[in-house]
Each structure stands twice: as structure tokens, then as C-alpha cells.
Amino acid sequence: MQHFRAYFVLFLIIPLMIFAEDGSQLWLRFPAKNGISADQIIAKGNSPTLNIARKELSSHWQGQTVELRTDKSLKKLKDGYTIKSSQNKIVISAGKEIGLLYGVYHILRLQQNQVSTLNLNITEKPSYDVRILNHWDNLDGTIERGYAGHSLWKWEDLPNIISPRYEEYAWANASVGINSVVLNNVNASPNMLREDYLKKVKVLADIFRPYGIRVYLSVNFASPKVLGGTENSDPLNKNVQKWWKDKASEIYKLIPDFGGFLVKANSEGQPGPQDYGRTHADGANMMADVLKPYGGIVMWRAFVYSPSKDDRAKQAYLEFVPLDGKFRDNVIIQIKNGPVDFQPREAFNPLFGALKKTPEMVEFQITQEYLGQANHLVYLAPLFKETLESDTYSNGEGSTIAKITDGTLRPAKITAISAVANIGEDTNWTGHHFAQANWYAFGRLAWNHELSADQIAKEWITMTFTDNEKFVNPVKEMMLTSRETAVDYMMPLGLHHIFAGGHHYGPEPWGDYKGGRPDWSPVYYHQADKNGVGFDRTKTGSDAVSQYFPPLNEIYGNIKTCPENLILWFHHVPWDYKMKDGKTLWEELCYKYDSGVHEVRDYQKIWDQMEPYIDEQRFAEVQSKLKIQSKDAVWWKDACLLYFQTFSQMPIPYEIERPVHELEDLKKIKLKMGHHN
Ligand code: BDP
């Protein structure tokens, strides 16, 4: 009996051991078997980076002999590489050692995706030089807009205690080509630059370096005054300049390959050069000058707006266009994809292409502040692609944001692309298993912005879950449509920023923070009244349309030609306006919200059929998140339709599911999360 019980327990445990997965391995789920033997790896040298490449091959590579060659003539490929193979051998060549490691990850990815490696002839060159994650991590371990637990960086423990996750993090980034990280929040504490913190930063930089990753810091503009006791932080003050110069020298002594600074200045209450009557260029150049001798750069954010009478969407353009040409060549202007703030859908930021002499880079947001946070499944590659492929017409047709930022249309010493990370100390790193795909997709697109959202999803699913087509195909479909689905149930037709204040999780279109900043109130953005809804940005409205190059100014400015998915972004549209499909605007809005809800219900149906193909734990966790998403979609639909109906006074079409909530009850919901705006 005893015996039997023991067997029985084993019988229960073994399958669990085989199948239980918690997502901690990300997309790096290699077979348990060993890789090739040491004599099948041909490589000269012994650097830490090469040794990682060797270790990856001997642990995971099951194919031919691999030769790794550094070849100076390939320097033009930057971090890139070539891969040439025959039956017996693969040769990976690169101008730099990091290129060899990237090449190794390339063949491992092919192996994971069951692509033959017998006849390869590949040349890869990254789209951007700096492929950077921005962590919004605070020194107290919290993360601004983080939904995957506390910060990975254990500042209290550093520099003495080293978490194994630092290296795992570097590994994951290197596997997709991410080569830079900003460790701390753009709302930066001056303490980040204190000597004791810099010593901690050094430890992280040392761990990341062999993986090709450089460290950057967000800096607080008032640091000289706060830390150094200078009389102010005026960028033209010699003492202030000296303080930064000394600080740079201190940093580079500890971290010789330090990347540079990211700066949020004169935005949302942060200090900046304007506090002293100086410009963004004065501020950025002062920092650029002290970093220049070491090869460092300044990423100066264009996310600036103040409570003014003018449309918030216009402000970055108004502040930065007059400064074009006034920045040092190691300054890049970091611009959010849209002119407001990482909304489910925005028109692209008109500052892209408007600066002719100043390098520009995109800032995306991987962490889903405005997209259901760690509860909603929203695959972001389609959003990233939508921005990168947007044609600004700045240099005639074909002037896409990708081409403006990757150096094709603007000579740039350094090109870069950034995104706000969604990574925390949760076991699965990102809170939602599918949010890992957004980290992955950003890396892949930063490396090659021409990859399709479809291909990236397919790779990621195969590596993260299974190669079984019965799983890959439906799940891929779900991912590819998921961003549009979220737009449908949250903010269709160009609506934006109708989130609950503070945490930005649920709907609050009625939000009118009287006495507070109007530009933090949903009613400011949707402008609903009895005539219609939407923000008039045409010539007779805020005239934001004029910030776009022709013909876009005309296309967006004319209600007949404005794309309907942005119509309420640019126009105040009458409730009975006839849309292209013959419905009234009000009906269209109703159908959009309703289809968003149905799409999430379809995802639930798809997912429930996926149970046989993957491990129980991840299956169940995603299943329960989809339930939340489904309930939230109904919440969004009811809140928005019932509220807007008080203006339109029109019936909800009868084919559409009836509201299940009372508006008054929804207005009472106050979630306790997060803090400001
Ligand atoms: C907004 C966030 C806020 C950030 C700000 C920024 O709500 O927490 O500090 O962006 O990017 O989206 O600076």
C-alpha cells in the first residue's frame, strides 16, 4: 500500500515537473539536451562576449560546426553580421564581437523555429545604432507605470549582493539585439548621480557589458543645485557647467562606456533650463558638451507641455521647431510616437520630420499604461509599425518615420529608438505572459524595422509556447488583431485620453477635474456636447492640422478625407454625421464598442481551445486574464456609450448588446492605484 502510494505521488508529480512553466524563461526555452562539443566551435580569442557565444553554442546549438570570425572589413555592418553555411559548417562573421554573439542568437532562433540552417547566406545590419529600453524605475524600488512588480534593480543590495536576474535580463535583451538601457525613471531623483549610487550603477554596467549593453541614466536638471550646492542650475552658469563636467568625469572613471543622459525637462513639473529663461537647446548643449569627450549622448525628450490655452497636442512642435539646428551633434530629440501621450491610437507626432537638422528618435511605451496594464492582451507590434510606417511627407512622399529616424533621410551621427520597459521582478518578468511579446517585438523592430508584426508574432509564439500550428495560427490571429480590439472597446474613431485620472486603468469620460489642469481632464479631450463629439484640430479649431506637411494638413483637416480611425482626433463631429458605411457617427461608435467586446469574447473562445497544446500554468493564467479583459471591455463600452448618450440623446441600435451597468454606478468606481494625472 505504502509502495503504491509512493508510485501514485510520483505519477502525479512527474507530469507537473515536465509541464509546469511559469514564464520565467521568456522566449529562451531551449531543449534540455546539450549543444555541440567544444571542438565543433571554432573561434579565436577569449573575451567575455566570445565566451558567452561559446557557452550558448555548447549549451543549446544542435546543428553543424560553427566558426566565429571577426572581420574588420565588416565594420560597416556596425553591430551586424553575416552568416554563411553549408552542410557541415556555419560561418558567422562580424566587424565586432557583439555581432558574433548576435549571429549566434540568430541561428538559435532559426533552430527554435525549425528553419533549416544548411544553406544560409544572411547579412544583417541593425536599423538603429542605439536600441534602448527606458526603465521608469525609482530608487525606492517602485516603478512608475510598472505592472510587473517592483524594480529588478535592488539598489539597497547593490553593489554587494548581485541578483542572478541582472544577467538573465542582459541575456534576454542581447538575444533580441537590445544594446542600451536607461536604468531610472525620467522623473529622475537627483540622488541617482550621487557617488554611492554611481558605484551601484557600475556593477550593473559591468554585468551588462559582455552582452553588448551600455548603461544610460535619466538625470534631474536641478542636480547641481540639489547635490552640489551651486546657487542655481542655470545651464549658462559656469559653476553649474563645472559641476556637470566633474560629474561626467566621475561617471566615466567608473563606467568607461557609459552611454549618456536621458532628460525630461520643463515637463509635468520637472525642472529645466526654462526655469532660468534658457531654452531646451541651452540645457541639452551644456550636457552634450560634457559628455562629448567620452562619446556620450544626450536624449532630450520632446514630451513637454504646460497648462496653456493652446492644444496640448501642438506644444512639442511649437517649442522645438524654432530650435532646429541649435543642438550639438550628440543630442537626439526623443519624441513619443503621438503628440499627446501613448494613447491606444494617436495621429503620429507632427514633430517627426519637422526638425531638419536635428536627429530625432521615437519613444514607444511597452508598459501598457493606457492599454489595460498587465491585465489586457494587447500585442503592440502593429502599433509600433503603424508609427514607423507613417508617411510624414517631410521630404516628399515616402518620408516615413522609420526613414527619418534611421538616418536614411536625415544625416545622423547616431540613430536611436527607445521604448518604456514593462519589466519588473514578477516571475514572468512582465505581469501578463503575452506582454513578453511586446518586449520581444520592440527589440526585433529596433534591430530591423522592416520585419512584419506577423512574422515577429509567429517567431515569438513558437519559441515561447509551441510550434504546433493548431496553436500558432489562432494565437497569432488573436495577437495581430488585439491592438485594434483594444482601440474598439476603449477609444475608437480617434477618441483619446478618456481614462480615469491617476492610474489610467478604466474609463472616466465624465472626468472633469475642475480647478485642476484642464489638459488632464477627459472632457478636454473628447469635447462632447449636444451637437457632437471630438476635438476640433482643424484650421477653425486648434489648427494642429497645420503642423503636418501637405497633403496631410489638408487630408486630416477635411472631415471628408480624414481617415475615420482618427476622425474624432481632428474633428468635432455631429452625432448624426454620415460615416462611409452609411451609419451615423453615433451608431458607428456603438458598433465599434460592441465589436471590441465581441472580439475579446472570441479570444476567450480561442484560448480555451488551446488548452491541450501548452502547460497548465500559463494556460490558466492567460485564461484568467482574458476574463478580466472581457469584463473590462464591457465596462468600457457601457461607461462610454451611456455617458455619450447623455449628449447624443440617440438610442443604442437594437442589434447591440444592451448595457448591463448603470452609468451612475460606474461613475462611483474609484480604483486605488497609482498617483498623479
Ligand atoms: C505619462 C505618464 C507619466 C510619465 C510621463 C512621461 O503618465 O507617469 O511621467 O508620461 O512620459 O504617460 O514623462
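Placement of Cβ uses the backbone N, Cα and C atoms for every residue, glycine included.
The active site, proton donor annotation in TrEMBL covers Glu268. The feature active site, proton acceptor is assigned by TrEMBL to Asp341, Glu369. The domain 'Glycosyl hydrolase family 67 catalytic' feature in TrEMBL is assigned to 113-429. Taken from TrEMBL, the feature domain 'Glycosyl hydrolase family 67 C-terminal' applies to 430-655.
The active-site residues considered are Glu268, Asp341, Glu369; of these, Glu268 has the fewest other C-beta atoms within 10 angstroms of its C-beta. DSSP classifies Glu369 (active site, proton acceptor) as coil under the three-state reduction.
If you take the Cα of Asp341 (active site, proton acceptor) and the Cα of Glu369 (active site, proton acceptor), they are about 10 angstrom apart, rounded to a whole number. Taking only the Cα positions, the spacing between Glu369 (active site, proton acceptor) and the residue listed as 'active site, proton donor' is 17 angstrom.
The average per-residue pLDDT of the prediction over the domain 'Glycosyl hydrolase family 67 catalytic' (113-429) is 97, rounded to a whole number.
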